[in-house]
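Colleague: Straight from TrEMBL, here's the annotation block:
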BINDING   B:Glu68, B:Asp86, B:Ile88, B:Asp89, B:Asp213  Mg(2+) binding site
2 protein chains.
Amino acid sequence: MDLHAMDRYIKSLIKEAGHKIRNSFLSDISIESKSDANDLVTNIDKEIEQFFISRINRDFPGHRIFGEEGFGDRIEDQNGVIWLLDPIDGTMNFVHQKRNFAISLGIYEDGVGKLGYIYDVVNDDLYHGVQGGGAYYNDERLRPLGITTIEESILAMNATWAVPNRHFDHNGTLKLIQDVRGIRSYGSAALELAYLASGRIDAYISMRLSPWDIAGGMVIAREVGAIATNFRGEPGNLLEQDTFLVANPSIHSRILKDYIRQK
Amino acid sequence: MDLHAMDRYIKSLIKEAGHKIRNSFLSDISIESKSDANDLVTNIDKEIEQFFISRINRDFPGHRIFGEEGFGDRIEDQNGVIWLLDPIDGTMNFVHQKRNFAISLGIYEDGVGKLGYIYDVVNDDLYHGVQGGGAYYNDERLRPLGITTIEESILAMNATWAVPNRHFDHNGTLKLIQDVRGIRSYGSAALELAYLASGRIDAYISMRLSPWDIAGGMVIAREVGAIATNFRGEPGNLLEQDTFLVANPSIHSRILKDYIRQK
């Protein structure tokens with residue numbers, strides 16, 4: 001792959017998709033629920049995924065596409081080039097707030113992240129990363145993450161994970177909430193990864209994310225030195241839902257070791 | 001008071017203060033802790049409060065000022081005109097993120113909110129309200145809040161309130177977290193009130209806020225029909241810290257009745 005040419009192509013494609021999303025605010029949006037009442041999808045999520053797929057199929061035949069809305073390919077292995085796409089990450093924010101959502105896109109080759117993009121559509125803020133070539137916020141290079149401590153950290157997580165449940169010991173989560181400096185929750189995994197990469201938060205934790213939520217952000221976050229794993233300390237899996245912790249390298253292992261207890 | 005003239009004066013004053021804050025990003029910011037290690041204050045919080053006080057004292061002699069950093073007056077009653085000011089609401093965000101903080105200002109006369117302002121400094125977004133004259137987002141009038149339900153609501157709260165504590169039953173909070181559609185946390189009470197007033201969230205709850213955190217936002221929120229009380233259902237107190245719930249009118253009483261249990 002010619003990463004430089006692909007990068008230019010993708011940036012243009014993402015900006016065009018962002019323009020379509022902003023235009024959608026002028027018309028009625030139809031909202032449905034998916035797996036549960038709060039797992040929302042709109043006609044715009046679907047239209048934007050189909051827009052990406054038609055362009056990728058036309059211009060990159062042979063590449064495969066793994067998209068949240070299911071219009072892409074059925075992906076059961078990591079061979080070749082795969083585009084992992086969430087056309088609107090943070091659909092609840094899109095519906096309720098008309099802001100705080102992002103296009104999330106990662107390009108992987110044989111399982112290795114090559115290019116990553118998170119586009120904050122309403123703010124017209126683009127975060128991107130190129131394997132070995134750095135991470136950028138609106139084309140300004142992001143600095144490697146500095147050293148921090150749990151006690152000085154801002155952690156992004158959803159308060160839902162403080163509720164007792166059968167997957168992990170919520171007392172670990174409550175301890176973490178008490179030990180960090182502050183907790184935030186923005187409602188878009190992609191934006192939370194972008195915030196992590198730009199040093200505005202120091203860790204982001206979620207009990208359940210899909211590959212398209214994090215594929216783009218992982219490429220960006222790793223270029224500034226962040227560590228991303230599941231709760232067993234293993235690198236993210238591109239094929240299925242998993243637990244997820246991405247953090248500043250000085251606190252990642254301590255969070256896993258001292259606060260995360262899977263049942 | 002001539003509210004119209006004061007409104008023009010205050011908007012200009014706030015924009016000037018915002019300019020000073022944005023300029024401060026170019027120089028070093030010195031950070032200290034106040035009541036605890038995570039209660040931050042910077043030289044900029046102090047300088048901005050002093051800037052407001054010097055202008056208000058010069059142009060509105062006789063008015064009193066109640067500011068977070070303590071350079072204003074000692075306020076023990078609500079007589080006359082009081083300016084309630086938080087020069088930087090969300091200091092932790094200011095320090096760690098250089099965004100997601102606001103200037104918060106409320107003007108009260110004999111305990112009644114007359115004018116309210118929340119200025120999102122980095123986005124240059126101004127929310128304001130005039131008693132009986134409506135609420136505005138960048139001078140566009142905000143619509144009255146529509147009808148909603150707990151199950152369709154987005155609630156802003158800090159995950160800290162899910163931790164067992166001696167003030168209230170955290171099981172009520174956990175139940176609320178499970179019943180609403182989504183939870184967010186932005187780290188600035190003023191911005192959370194601005195989001196509430198513009199319909200992006202449906203409720204905001206905090207176990208401990210000071211008058212200057214909410215004085216401006218309450219004037220704005222009430223103009224769109226929001227209800228703001230403490231956990232006992234009483235109107236906010238302008239003299240001391242208290243519990244706080246502001247919500248869409250269709251869910252306020254249900255949250256108080258079904259989820260909040262003070263010990």
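The backbone N, Cα and C atoms fix where each Cβ goes, glycine too.
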Colleague: Of all the binding-site residues here, B:Asp89, B:Asp213, which one's CB has the most other CB atoms within 10 A?
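Modeller: Selected residue: B:Asp89.
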Colleague: Tell me which of the binding-site residues B:Glu68, B:Asp86 sits in the most Cβ-dense spot, judged by other Cβ atoms within 10 Å.
Modeller: B:Asp86
Colleague: Return the count of C-beta atoms lying within 10 angstroms of the C-beta of B:Ile88 (Mg(2+) binding site), excluding that atom itself.
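Modeller: The Cβ of B:Ile88 (Mg(2+) binding site) has 29 Cβ neighbours within 10 Å.
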Colleague: Can you list, in sequence order, the residues of the same chain other than B:Glu68, B:Asp86, B:Ile88, B:Asp89, B:Asp213 whose CB lies within 8 Å of the CB centroid of the Mg(2+) site?
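Modeller: Checked against the 8 Å cutoff, the neighbours are B:Asp45, B:Leu85, B:Pro87, B:Gly90, B:Thr91, B:Ala102, B:Ile103, B:Ser104, B:Ala189, B:Ala190, B:Ser210, B:Trp212.
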Colleague: What does DSSP assign B:Asp213 (Mg(2+) binding site), in three states?
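Modeller: The residue in question, B:Asp213 (Mg(2+) binding site), is helix (DSSP, three-state).
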Colleague: What kind of secondary structure is B:Glu68 (Mg(2+) binding site) part of, going by DSSP in three states?
Modeller: coil
Colleague: For B:Asp86 (Mg(2+) binding site), which of the three DSSP-derived states applies: helix, strand, or coil?
Modeller: strand
